[in-house]
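Q: The following feature annotations were taken from Swiss-Prot:
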BINDING   GLY84, PHE89, VAL141, GLU142, ARG154  S-adenosyl-L-methionine binding site
Amino acid sequence: MKQTSAVVASKVIAADKAAALALTPVSRETEQRLDRYVALLLEWQAKTNLVAPSTLPHLWTRHISDSLQLLDLAPDAKIWVDLGSGGGFPGVVLACALAERPGAEVHLVERIAKKAAFLREAIRVTGAPGIVHLSEIGDIVEKWSGGVDCVTARALAPLHQLIGFAEPLVKRGAKALFLKGQDVEAELTESTKYWKIEPKLYSSRTGGQGWIVAIDCIERHN
């Protein structure tokens, strides 16, 4: 008897999850929160394009592990701001993992109302310490009044634009962590036309051609 496509898909996702958690181990409680988040995302994906459909079979390694690896680069950070959170990567994933860190809080900034609604539901369902801001990025970072330890972004904009978004927060002591792809060197070269930065590059733990750009000092060129 042939397996149905649903059964095959379920086995593929289960294998991908196992591979992801081997790369980026989490507590049982965090795993349960992530399971609820993934179930919700798959439900909403049918009506709202939250991630590229082609990446769904590898959701755990492609998106969740990719997000979780940021935690090792800011192990003491409690207050995070995720710019352009979209489907919740890395923001919701980080919030799920940080739920066990006293005082932790992840601010999810999203300008599209439908995606912001999804993010709110994801935070509700998982019980993760997240706050959703329906806002343009520039509006909220310029008015930010609280402390920030880390600012993140993934699949949002070219690096030189991300640096501009993050500048007000980095100047106040935040560390910027940007998930980028194979064109990272070209993006860094372009960024130096506008900004004085001393970035650190980390190869993505998930393999492929992914990179993490870490920046803790930003100055504009005169």
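Start at 1 and count along the chain as shown; that gives each residue its number.
Here the Cβ of each residue, glycine as well, is placed from N, Cα and C on the backbone.
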Q: How many Å separate the two farthest-apart Cα atoms among the S-adenosyl-L-methionine-binding residues GLY84, PHE89, VAL141, GLU142, ARG154?
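A: Output for S-adenosyl-L-methionine binders GLY84, PHE89, VAL141, GLU142, ARG154: max Cα distance 23 Å.
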Q: Count the other Cβ atoms sitting within 10 Å of the Cβ of PHE89 (S-adenosyl-L-methionine binding site), across every protein chain shown.
A: 23
Q: Rank the binding-site residues GLY84, VAL141 by how many other Cβ atoms lie within 10 Å of each Cβ and give me the one with the fewest.
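A: Counting other Cβ atoms within 10 Å of each of the binding-site residues GLY84, VAL141, the minimum falls on GLY84.
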Q: Please name the residue among the binding-site residues GLU142, ARG154 whose C-beta has the most neighbouring C-beta atoms within 10 angstroms.
A: ARG154
Q: Sort ARG154 (S-adenosyl-L-methionine binding site) into helix, strand or coil using the DSSP assignment.
A: strand
